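*Asks:* Just lifted these from TrEMBL, have a look:
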DOMAIN    2-64  domain 'Ionotropic glutamate receptor L-glutamate and glycine-binding'
TRANSMEM  70-99  transmembrane segment
DOMAIN    79-384  domain 'Ionotropic glutamate receptor C-terminal'
TRANSMEM  119-138  transmembrane segment
TRANSMEM  150-174  transmembrane segment
REGION    335-361  region 'Disordered'
TRANSMEM  376-398  transmembrane segment
Amino acid sequence: MRMPSDQQWGLRQEDGNWTGTVGTLQRQGADFSMLLNWSYERRRVIDFTRIYAAEPLVIVSPKPRPLPRYLALVAPFSGEVWLALVVVMVWVGLVYWVLAWVREGIPCGEVRGTHTTHLGLTSAIFHTIALLLAEPSFKMPSALTTQMVVGWWCMFGLLMTATYKSSLIAYLSVPGRGLPVDSFEDLVQGGGGGGGGTGWTWGLEPTYGAEWEWFKSSSSPLLQSIFQGIEVLETEAHLTRVLSGRHALLTWLYYIRTIIASRYTDTRGYTPLHTSRTQYYVSTGYGWGFRKGAPFLRRVDKVVQRLLETGLVNHWLTQLIEESARDARMNNNIDNKAEEGSQGGTKETEDDSDDDGGGGDESSVVVLSLDHLQGALYILLLGCLVGLVALAGELSLYRRQSIT
């Protein structure tokens, strides 16, 4: 078993020759190779066994950071819901005002048939807002038409406020996160709430395989924009930049899953890396590569077919990923314990004793602090500032009227 001299899978050159493993088979420098992506261009210079597995290309990016605490008050609803809520409040206030005007006004606390006070449009809108907040500032109208509007609006407000309050408690205790980068569109255009767009970088490993050829030969403007921004670095260098933020690694799913599980996942199963849900199949799948005219290709094909029919290929792939990740985590834990032991190792014992006396279940209770409620304080401060501005405007208007 030997590696290609240039450490590449294989790229087609301008003269028609290939580099890497594909080039070695093309030049009859080896009889066969393991694990090569099928492609039409490669099939013209070498032979393949039948496909036994397919591995998609994925995007590895940092997990979105928690949203700022001051956004907790608006986080329970999306922007579309808030916009729809404002439009509905104005519309219901307008309907309420029109019906009150048609029915000769709303008798504010008086018996119908006596003197009535007509309701203004601004007052009608504020009344609908007060009903939505379950704080009505007026007595219910006596006209049946306006009673119907108020009744159904109260039902709507009950459902909306109950939904908002239940979600708000969760967002105050555990802040939400932005949307992750899950596609090339998110990466280039900034479609994901967790990032994308200006300031983001991405890259590939220096293997120059089927993924490089896929980007290079694609006619899609999106893939070409991705290709123009590719940075070629080693896997560890890419993942270091990913952990720093605003960088993404384009790589193979099973390969990176093993690395993340073994090196970037703690004992509780948490990893700061996000693997995109969108998967890109850049080739038809994996097979073994053979030089042209190899006499044992058909026999190997039969063995691969039997392994596929018995389900051993999928079983071995799953077992390989799980065992390699588990072994790597065990080795990391052994190394960490040895390092702690060489430095004294007393801190962990002290921490354990503190945890045992701390009460266990009570540590999971989240006590709301000023940091959690900063959104409410900001709204209060904003309201005071708006009130001061309104007061300054009223004083200025009063002085002008006094002068005239």
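Glycine is no exception: its Cβ is also placed from the backbone N, Cα and C atoms.
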*Asks:* For the domain 'Ionotropic glutamate receptor L-glutamate and glycine-binding' (2-64), what is the mean per-residue pLDDT, to the nearest integer?
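*Replies:* Here the mean pLDDT over the domain 'Ionotropic glutamate receptor L-glutamate and glycine-binding' (2-64) amounts to 87.
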*Asks:* Six or more residues out from either end of the transmembrane segment (70-99), which same-chain residues have a Cβ under 8 Å from its Cβ atoms?
*Replies:* 119-121, 124-129, 132, 143, 145-146, 149-150, 153, 156, 160, 163-164, 167-168, 171-172, 175-176, 372, 374-376, 378-379
*Asks:* Do any residues of this chain, six or more beyond the ends of the transmembrane segment (376-398), have a C-beta under 8 angstroms from a C-beta of it, and if so which?
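*Replies:* Residues 70, 73, 370.
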